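Okay, structure first, notes after.
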Amino acid sequence: MLCFFVLFFCCGTVLLEGADIDEIEHADKRRPIWNMGHMVNAVYQIDEFVDLGANAIETDVTFTKSANAEYTYHGVPCDCHRWCKKWEYVNDFLKALRRATTPGDAKYRSQLILVVFDLKTDYLTASTAYDAGKDFAKRLLQHYWNGGSNGGRAYIILSIPDLAHYKFINGFKEQLKTQGHEDLLAKVGYDFWGNEDLSSTRAAFQKAGVQDKEHIWQSDGITNCWLRTLKRVREAVANRDSSNGYINKVYYWTVDKYASVRDAINAGADGIMTNYPNVIVDVLKENDFKGKFRMATYNDNPWETFK
């Protein structure tokens with residue numbers, strides 16, 4: 001009987017502590033920041049970037065001419081001071097990613113809550129982009145979402161380089177509906193990363209059947225080898241905060257220097273894509289930031305605009 005009460009007390013304490021943590025996070029009025037590890041294409045890099053402090057990662061996906069997702073691979077050129085040729089077969093990477101984001105798995109990393117797939121559709125046509133979207137949906141469903149049963153829990157962003165390839169989104173959504181898993185679209189967001197005019201980007205989303213503020217992240221940026229102003233980031237932030245805007249969240253890439261991270265956060269970015277997640281962690285601990293910003297957790301909805 002004594003053992004029972006001890007066990008009950010200990011388990012109850014753990015449950016209460018978990019509930020307290022959730023309450024604290026919901027009560028925290030600081031802006032959540034997504035610390036996005038850039039170019040995570042080899043399986044071992046998942047742990048590497050999470051260990052550095054990332055709560056999100058970006059992974060490149062290449063396609064064959066037949067519109068089949070093939071490798072997680074960036075290739076040359078890429079960011080300065082990075083090795084451009086790390087890779088995995090897409091299916092293998094998705095399986096490893098599932099383990100890293102499935103509670104209870106030995107490889108589970110609770111901090112990893114968001115994955116941006118940089119879809120290298122450059123060599124596809126507008127019509128084959130649709131086929132590529134269907135193919136990638138099939139692969140995610142099978143290898144990441146485990147057929148819809150106890151799969152990975154991370155939120156997913158489909159990041160497309162060309163507005164003309166909006167049909168990738170159409171194909172992706174229709175494939176999940178065809179296979180009876182339209183519910184998984186609740187975990188999927190969208191982005192065009194080619195730095196196009198915001199009004200043209202909005203029109204492309206509408207063609208893809210994505211309504212204003214329907215899981216839309218708007219990116220802006222350039223390789224870390226070059227400098228880029230925050231002008232378009234501020235335009236995107238203004239759109240996000242407008243009552244008639246189309247954007248939910250804004251992220252800036254690729255940002256490695258402390259001063260640039262500070263500037264991006266002060267400009268209103270929700271996410272910072274970086275080769276050095278520890279830099280973002282350090283900045284968020286600084287006196288000027290720790291009272292107003294924090295690392296995003298799984299309790300932060302990435303499709304809701306922070307107010």
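Positions of Cβ are set from backbone N, Cα and C atoms, glycine also.
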Which of these, Asp105, Asp118, Asp122, Asp131, does Swiss-Prot say binds Mg(2+) at the same site as Glu58, Asp60?
-> Asp118
Looking at Swiss-Prot, which one of Cys80, Cys84 makes a disulfide with Cys225?
-> Cys80
Can you sort out which of Cys11, Cys78 is the disulfide partner Swiss-Prot gives for Cys84?
-> Cys78
Output the one of His38, His74 that, of all these active-site residues, has the highest number of other Cβ atoms within 10 Å of its Cβ.
-> His38
Can you figure out which of His38, Glu58, Asp60, His74, Asp118 (the recorded positions) comes closest in space to Cys84 (disulfide bond), comparing Cα atoms?
-> His74
Recorded positions near His38 (active site): from His74, Cys80, Cys225, Cα within 10 Å gives none
Candidate nearest Glu58 (Mg(2+) binding site) in space, where candidates are the recorded positions His74, Cys78, Cys80, Cys225 and distance is Cα-Cα = His74
Using the Cβ centroid of Glu58, Asp60, Asp118 as the reference point for the Mg(2+) site, which residues of the same chain not in that list have Cβ within 8 Å?
-> His38, Met39, Val40, Asn41, Thr59, Val61, His74, Val116, Phe117, Leu119, Ser159
